[in-house]
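**Q** Below is a structure I'd like to ask you about.
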Amino acid sequence: MPTSALNPAPEVNMATPQHPAFGGSALRQRRSSHSSHSSQSSHSSHSSYAARHPDRVPPKAASPNRAFLAVIGVLALVLLQTFAGLWLFVKGFLLTRHELLGANNCTRPADSAWTLPAPPTAFDDATLLKWAEMLDPQTGVGECRLKPTHSKAIVIVVDALRYDFIAPPPAAGSVSERVDLAWKPNPHYHSVLTLPAQLTAQHGSPVHAKRPGPAGFLAHFVADPPTTTLQRLKGLTAGTLPTFFEAGANFGSAGTGVGRVHEDTWIAQLRASILAQRGADARAGLVFAGDDTWATVLPGLFDNDTMWTYDSFNVEDLDTVDRGVESRLLPFLQPQHPDRKAGVHDHWRLLVGHTLGVDHVGHRFGASHEKMATKLGEMQRFLQNVTDAMDDDTLLVVLGDHGMDEHGDHGGDGELEVGAGIWMYAKSGFGHTARGGKMDAAEYISTPELEALLPSRIAFSPLPSPPYGGHRSIPQIDLVPTLALLLGVGVPYSNLGSVVPELFAHPDTLLRALRITATQMRTYLAAYATQSPDLTAFRPELDTRWLAAVRADAELAAALHGRAAQADVEALWRKAAQAYHAFNRVSLVSARSVWAQFDQVRIGLGLLVLVLGLASAWVLRSGARAGLIGRLDADPADGDAKVERASSGAEELGRVVYAAVRTPALVGGATGAAAAVATQLVPAGVANLTLLDGLLAGSAVGSQLGLLLSASSANLRRSIRSQESDSAAVPTTTRALDAAGWIVLLLHAGSFASNSLLIFEDRFVLLASAVLFLLRGAFAVGAASTQRQQVRLGLMAVVALLLVRAASMPRVCREEQGASCTSTFFAGTAALNSPYVMVGSYAAAYALPRVVAWFLAQSRSYVGVAPMFFTWALRPALMLGAGYWVLDWAVALNAVQASGEAARVEWVKGWVAVVALGLPGVAVVFWVFAPLCLEIRREAAEAEGEKAKVTILGYSNSLGSSYVLLVGAVFAVLFLVTQPAGQLALAAVLVAALAAMELGDAERDRVVLHRQRTETPAGAVHLCAGEVASLALLGYMGLFGSGHQATLASIQWRVAFLTSPTLSYPLSPLLVALNSFGAVSLLPPLLVVLSVVWNATPLPRGSGRKMPTPSVMLHALLTLALYNALLLTASAALAGTLFSRHLMLFKVWTPRFMLAATVALLAQAAAIAAALAGWHTANKVNTIFGTEFA
């Protein structure tokens, strides 16, 4: 605000010594003829005078270090308590699925003539179950493998190969007339990769084959979420279900061992089978080339000398991995290939290739981009080479590990993300059927009940309906038993998939495959039941389904041994196949419903710590405002005399808190450790806390209870009553804003109770922000004392409202929002930045420093080092940040690619990012050592004989003007890692925050004037909850405006390669974290501290008073911590208890909880950093003006 009676610019005598920390601005002062001595001589004279007259010179100002150190300590305590609660809750809620390390020890050889044993003598349940033991390969004569249809296999994983990329297009002619008129093929990915559909249509499906010959199978391949590559590879090799929490292991998992499959896989079965024949020291002939994630998932299974891995996270590189896969695998298939070497490429059994180009094009440009057509065309040529070279004894499998949405993202469970495609092809076919094509294979083994449970045909929105009423659809894990049995090896131990019936065309072969799969699945589920109670509720139904399958099998055995009619045998074949298939599917659906094992003990402890943490933070916040009761010095001059009284200032508050939590934390930690040791003695599954769990839980709960119950609960009662006792010291409008802030927080947390409200959280944030700024503007205008203030504050409110609305315009819609949301973050449906938006972001980068300078100029603070900082540090950093994305857009242009300059542009782009990151780093270092933003101006004497006046410009906002430089440096980093539309949103958020500073300053002035009118004792003026809530919501505006939602799919992985074309640690993960969480975690704490120090006029040396800035800062940061902690506790409580079995748990509530947990921890850590920066700024003011802080 401008200099006013509340914030005067001091006028000093011209003889006042000049402090060197005033900076170069002092050198520009207008020197008069009266100034005949230097600053050094003045300082020398002043020092000698102080030595001669110590009673006339104010003592040296006390250091603010202890007060701010107490602030840091209290904030660290809150952070540690939050971490402890999260540690316990996450270990109970986001557990990995219980893994069984058993393997299918299938030693019985395949027997093509195998048949059912003699039927049981009776058909009662006990006799049937006894007879079923004969079908078990371990206890009876049952089979565990089939005779292989192919001795070799080629598996090509095309990362992110969505189903409609390979699906056959609508037929021409009469069929096309029935195509949905609203549907149009996408030229970038429809009818480009046509080989699978062409060969399948040419040779037909195996189910219709009447004689051996080429056949293909093409289907919609449904992935289990999360749709990240590492989790999908686990499902594709082991047949298991992933857990949501494992998605975090996908980033940077290569080489770390994180995400390794410990369970049985079909590749391990194949390797064991080969080595059993060749010898343990022989080469197995298992070859791999492609995504290095396989080295993490399946270490040691492929032959070391024929395994070539490539970096999987360089999304900027569209071709290296694909070229590598092609160059490494084709020599094994093409006898005349120039790279073929005898002894290396001759003997192989399995070729696995994992290409990444399609996925990287999606991440880089989106699905609807011409480079997608180019990449799919390359895949077409590669697959053509493979099919031309493969022999009749080879099985080809081409599949996508997951799909992608139109922006190229994946990770969640959206239709396009889980909708991968699969194509299986063999020149020798898969055998011939005895059904003669009379019935569809999926229909043959299914029933209406199973179709309702897990339909075999579903619609797929990118393709028209009609003519497609539904696409043949199979779960991804069905590939595991199918591939194992086609290759003649055992089904993996932990498999939950069933077989693809089209590939076991003969009814007898299909039934045997289903029986083998179901038997292994029952073995696994029985072993799982001994380790976990998860499936206990489903056991009766599973037992009933198994008994029905055994009964149908027994009836078939009776018919076969009784030489029944062929028609009767065929009917019983189908009945038994349906029964076994029903058991398999019900087992899968049951396991999916309990795919995450919850530890209620840890969940309960975690929630207890989080709830007590809320109460503790409230008490600490109240203590920062009104003090906490503890044993303190009765009088500093009275020696060691101690009395029980309320603390005064941050330093005494820190002492009280330390005394209250020290002993209870130690006792609680010891008790927790003892309890953890005791839990090791109880049965597994009841409770099993580690020593670290016990220490964290005990220490956290002990410190919280010690704080809440200290001094006979006086602090708790004081914190509850303190708001009422302060009501007379603030005007009604301030109390209304405070209440509005808490109401908004409660509504925000309460909205998590409804998934319909939760998925539209971005709309709530916009509405809540607008309401708060509207209230603040109305109150400010209504309470303004002059017309000029009314106009000015009204304009600030209007500007804030308009900017909040502008910040909400860039958005990325989440799948659940459907037609109610239109994505505007990218240009069209592709993941490309709009050139018009880039022009806007470049203009914003140029103008933003000037806008911030205007706000500083209102308090005459745009002086000293500020102009230099904004001109030579902030503006260049912002413009480089905007320019980076211009280069990123330009490098993909066809003209640039054709000119051969793409590599040079890429090099320039990388260095632009490096410089754009380095400038803010240099700026922060400069800020640490820079003087305050001050300038001394002298005014000539108005009359002869009078002394000249010296005015210190920037004095009234010396704290805020210095601190805003740091905010600008941090903002420049966030600006760089945010894409152009998000840059505009961040710019709007920053300017809206500065307008909020002015409104907040007017609100605090109103409190001061109210106290003067009501003769209320003066005290610290704290930020109300409404002001802090406004800044917290601005952080969320930045989150949503920068292209994010509470979904995995909205993570912008491409930012990891901002400075380098390859993945680099720890910079790449840090860049992604800054892009994802910087706006909502880093900005709010910095803005809160900036609000505290904005226009907080320093009290000069000798004033006899101390500035309550540390207490005010602590109070405000704890209010922000309460905002984030309540959102965290609400999301954790709802996800961990009320909605723990809700259908949308892992789609809606779990991602929101993960966001809340990350924001809470990062924001509290950022609050400590922001307070440290405030401490450093206070030290500058203390050094120059002798201002003391308490």
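Placement of Cβ uses the backbone N, Cα and C atoms for every residue, glycine included.
What TrEMBL records for this protein is below:
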type: COMPBIAS; residues: 35-48; note: compositional bias 'Low complexity'
type: REGION; residues: 1-60; note: region 'Disordered'
type: TRANSMEM; residues: 67-90; note: transmembrane segment
type: TRANSMEM; residues: 601-620; note: transmembrane segment
type: TRANSMEM; residues: 737-758; note: transmembrane segment
type: TRANSMEM; residues: 764-784; note: transmembrane segment
type: TRANSMEM; residues: 836-857; note: transmembrane segment
type: TRANSMEM; residues: 869-887; note: transmembrane segment
type: TRANSMEM; residues: 907-929; note: transmembrane segment
type: TRANSMEM; residues: 950-975; note: transmembrane segment
type: TRANSMEM; residues: 981-999; note: transmembrane segment
type: TRANSMEM; residues: 1020-1039; note: transmembrane segment
type: TRANSMEM; residues: 1070-1094; note: transmembrane segment
type: TRANSMEM; residues: 1153-1175; note: transmembrane segment
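Walk me through the surroundings of each of these features.
**A** The list of residues near the transmembrane segment (737-758) in space but at least 6 beyond its ends in sequence, with Cβ under 8 angstroms from a Cβ of it, reads 730, 764-765, 768, 771-772, 775-776, 779, 816, 1003, 1024-1030, 1033, 1046, 1119, 1122-1123, 1126-1127, 1129-1131, 1134, 1138, 1142, 1144, 1148-1149, 1152.
Tertiary neighbourhood of the transmembrane segment (836-857): same-chain residues 810, 827, 866-867, 870-871, 874-875, 878-879, 881-883, 885-886, 889, 933, 957, 961, 964, 968, 975, 980-981, 983-984, 987, 990-991, 994, 997-998, selected by CB-CB distance under 8 Å and a gap of 6+ residues from either end.
Listed as Cβ neighbours of the transmembrane segment (907-929) (distance under 8 Å, sequence separation of 6 or more from its ends, same chain) are residues 869, 873-874, 876-877, 880-881, 883-884, 887-888, 891, 962, 965-966, 968-970, 972-973, 976, 1058-1061, 1176.
Within the same chain, residues 251, 957, 959-960, 963-964, 966-967, 970-971, 973-974, 977-978, 986, 989-990, 993, 996-997, 1000-1001, 1023, 1027-1028, 1031-1032, 1034-1036, 1038-1039, 1041-1042, 1044, 1051-1053, 1055-1056, 1058-1059, 1109, 1112-1113, 1116-1117, 1119-1120, 1158-1159, 1162-1163, 1166-1167, 1169-1171, 1173-1174, 1177 sit at least 6 positions outside the transmembrane segment (1070-1094) and bring their C-beta atoms closer than 8 Å to a C-beta of that stretch.
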**Q** Counting only residues 6 or more past its boundaries, what in the same chain has a CB within less than 8 Å of a CB in the transmembrane segment (1020-1039)?
**A** 624-625, 730, 734, 737-742, 744-745, 761-762, 765-766, 768-769, 772-773, 775-776, 804, 807-808, 982, 985-986, 989, 992-993, 996, 999-1000, 1003-1004, 1007-1008, 1077, 1079-1081, 1083-1084, 1087-1088, 1091-1092, 1108, 1111-1112, 1115-1116, 1119-1120, 1123-1124
**Q** Taking a Cβ cut-off under 8 Å, which residues six or more beyond the ends of the transmembrane segment (981-999) line up next to it in the same chain?
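**A** Same-chain contacts beyond the flanks: 1, 773, 776-777, 780, 793, 796-797, 799-800, 803-804, 806-810, 824-826, 833-834, 837, 840-841, 844-845, 848, 851-852, 855, 858, 881-882, 885, 960, 971, 974-975, 1027, 1030-1031, 1034-1035, 1037-1038, 1041-1043, 1079, 1083, 1087, 1090-1091, 1094.
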**Q** Between the transmembrane segment (67-90) and the stretches 601-620, 764-784, 1153-1175, work out which stretch tops the count of Cβ pairs under 8 Å.
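**A** Checked against 601-620, 764-784, 1153-1175; highest Cβ contact count belongs to 601-620.
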**Q** Apart from its near flanks, which chain residues at least 6 from the ends of the transmembrane segment (869-887) lie with a Cβ under 8 angstroms of it?
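**A** Apart from its flanks, the transmembrane segment (869-887) reaches 833, 838, 841-842, 844-846, 848-850, 852-853, 905, 908-909, 912-913, 915-916, 919-920, 922-923, 926-927, 930, 965, 968-969, 972, 975-976, 979-980, 983, 1058.
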